[in-house]
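J.: Structure in structure tokens, see below.
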Amino acid sequence: MKQLHKQMSSKRDEETIPMSQSSPYSPKTLKHPRSLPRSLHYLFREQRLLFILVGILIGSTFFILQPSLSRLGAAESTSLITRSVSYAVTDSPPSRSTFNSGGGGGRTGRVPVGIGRKRLRIVVTGGAGFVGSHLVDKLIGRGDEVIVIDNFFTGRKENLVHLFSNPRFELIRHDVVEPILLEVDQIYHLACPASPVHYKYNPVKTIKTNVMGTLNMLGLAKRVGARFLLTSTSEVYGDPLEHPQKETYWGNVNPIGERSCYDEGKRTAETLAMDYHRGAGVEVRIARIFNTYGPRMCLDDGRVVSNFVAQTIRKHPMTVYGDGKQTRSFQYVSDLVEGLVALMENDHVGPFNLGNPGEFTMLELAEVVKEVIDPSATIEFKPNTADDPHKRKPDISKAKEQLNWEPKISLREGLPRMVSDFRNRILNEDEGKGL
């Protein structure tokens with residue numbers, strides 16, 4: 001037995017790797033290299049969960065970045081994946097400029113010109129409305145990702161239903177008087193009832209949307225570094241004493257009248273926008289929009305063009321308030337959309353008039369509607385409404401010079417396009433009522 005014990009001890013000693021004679025520590029027996037596979041096997045078996053989590057992280061990073069990588073070169077793609085994985089491991093998120101650098105656009109949300117234009121993520125408040133839905137069509141058509149925020153107070157899902165299957169379109173039912181957190185490059189803030197019928201129906205809601213809604217959207221723009229465009233209105237000029245109206249004109253507005261919830265609300269929104277620009281460095285654009293018409297207008301929203309067209313199609317008299325000598329200028333909606341996009345992409349801060357300088361009295365407009373729809377249509381006169389501006393015509397010299405923009409579609413060219421849309425909708429409405 002002693003002989004066997006000596007043999008086994010001798011065998012273990014042969015496998016022992018002696019340490020240096022000068023070491024102050026007692027020698028330890030090291031495992032033979034042949035035992036390493038057993039250690040790796042133990043590691044893989046006992047730490048499977050860790051390896052699974054790392055694999056999921058790497059795979060998720062690849063699939064998230066896949067749309068961006070498809071537009072980048074091979075070297076740039078590899079660099080982007082490496083940066084993203086390193087951020088995930090160190091738990092330190094990249095700044096916005098990390099992914100915007102070299103891709104165009106940057107933190108300001110400006111759209112670069114050229115084939116390799118960076119796809120932007122854009123939010124449009126009030127995007128289910130008349131103007132908003134046409135703007136969304138434009139942005140989707142050029143390849144951007146668009147998020148529409150609307151509470152459907154005046155907006156209609158029918159204006160956007162053709163985009164529901166588009167992967168670059170998203171619709172959120174939300175009221176802008178409440179904050180919302182999104183990551184976007186540009187903000188088009190259109191949310192607010194623009195028709196007298198709607199904003200007089202709920203004046204408190206109207207001014208809250210103008211003030212609180214604008215505050216929330218400006219706060220979002222500040223947090224994420226987005227460029228912000230406010231759609232203001234020619235109503236900020238009130239009943240003007242200057243004709244035509246330039247952007248430098250301060251206006252003549254009744255601050256306590258029936259229309260003031262909208263007029264003064266928009267003036268306050270402009271003030272907030274410029275204060276955020278001066279105080280917080282937010283890039284703001286202000287579009288003072290004059291009378292606009294076109295498809296998707298509400299059939300009975302009280303605005304003069306939609307009123308005249310709907311009344312004539314239904315064989316009702318056209319309602320003219322006052323003597324009919326008030327003047328307005330009318331721009332087609334596609335011209336306005338082009339102006340909004342040009343303003344957003346331009347580097348000029350501050351207000352711009354966007355409108356058609358062609359001026360018509362209400363009686364002249366009624367005659368054009370009769371020419372297009374029904375020469376036998378009649379006119380009915382009613383007392384004028386309170387605070388109705390007598391004249392309204394934009395001076396668009398600034399937009400021409402700095403934005404290279406001016407309207408292209410005349411009233412006689414654009415009105416038939418609107419009439420076609422109104423005929424179809426009124427016909428469908430009558431069929432739904434069984435008329």
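Yeah, the Cβs are placed from backbone N, Cα and C, and that goes for glycine too.
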J.: Swiss-Prot has K208, N216, G219, K222, R223, Y276 binding UDP-alpha-D-glucuronate. Which one of I149, I172, I180, I313 is in the same site?
T.: I180
J.: What residues in the same chain, six or more past the boundaries of the compositional bias 'Basic and acidic residues' (385-401), come closer than 8 Å to it by Cβ-Cβ distance?
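T.: Non-local partners: 196, 234-235, 237-240, 243-247, 254, 257-259, 288, 290-291, 321-322, 326-329, 339, 343, 352-357, 359.
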J.: Across the whole of the topological domain 'Cytoplasmic' (1-48), what does the mean pLDDT come to? Round it, please.
T.: 53
J.: Using Cβ atoms only, which residues of the same chain lie under 8 Å from Y262 (active site, proton acceptor) while being at least 6 residues apart in sequence?
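T.: When sequence neighbours closer than 6 are ignored, Y262 (active site, proton acceptor) has C192, P193, A194, P196, Y199, T206, I207, N210, T233, E235 within Cβ distance under 8 Å.
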J.: Which residue counts does DSSP yield for the compositional bias 'Basic and acidic residues' (385-401) in the helix, strand and coil classes, in that order?
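T.: Taking each residue of the compositional bias 'Basic and acidic residues' (385-401) in turn, the totals are 5 helix, 1 strand, 11 coil.
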